[in-house]
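Annotated features in Swiss-Prot:
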type     : residues : note
ACT_SITE : 7        : active site
BINDING  : 7, 138   : Mg(2+) 1 binding site
ACT_SITE : 66       : active site
BINDING  : 66       : Mg(2+) 2 binding site
ACT_SITE : 138      : active site
């Protein structure tokens, strides 16, 4: 199964594609969609077009996207929601089912700790996908979203289900935490 993860943002939207076979995770591609400094409609159109192109080029079977959180600044929350909507439209237009996970669920599923830092996310995604270099934070979050979806988004079942892949990388789960 091929999964596309999306980390939505108005200026930068991260994407990550992985293949999943049993408990094996394989990196396909990742990157970011950067929007021009332009009016809102142009930026949203860029996100929609970018996501649509990724869906066409990489033919994922499913997609996962981060849920919007309510920010201190309501304007920022509204703009993020619109960027997320443009990305979801691109996914749905490509015929994909879309799952949604909170940032807390994402971090718990990938790192084992819901308050994990961006650096911890990047390190764990790099290990789980056996990458030669560390992806940028937006791409890492998107890859993490795909990993989270691949294992149902549940912390304990995700970490337990990843045990074979983690063991190959010299890691294991202990009391719901990842140890090296």
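Just so you know, glycine gets a Cβ as well, placed from its N, Cα and C.
Feature map: Swiss-Prot annotations on the structure.
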residue	record	DSSP class
7	active site	strand
66	active site	strand
138	Mg(2+) 1 binding site	helix
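Rounded to a whole value, the Cα-Cα separation of residue 7 (active site) and residue 66 (active site) is 6 Å. The C-beta environment of residue 66 (active site), restricted to residues of the same chain at least 6 apart in sequence and closer than 8 Å, consists of 6, 7, 8, 84, 100, 101, 102, 103, 106, 141, 145. Other C-beta atoms found within 10 angstroms of the C-beta of residue 7 (active site) number 25, with every protein chain shown included. Its Cβ taken as reference, residue 138 (Mg(2+) 1 binding site) is surrounded by 24 other Cβ atoms within 10 Å in the chains shown.
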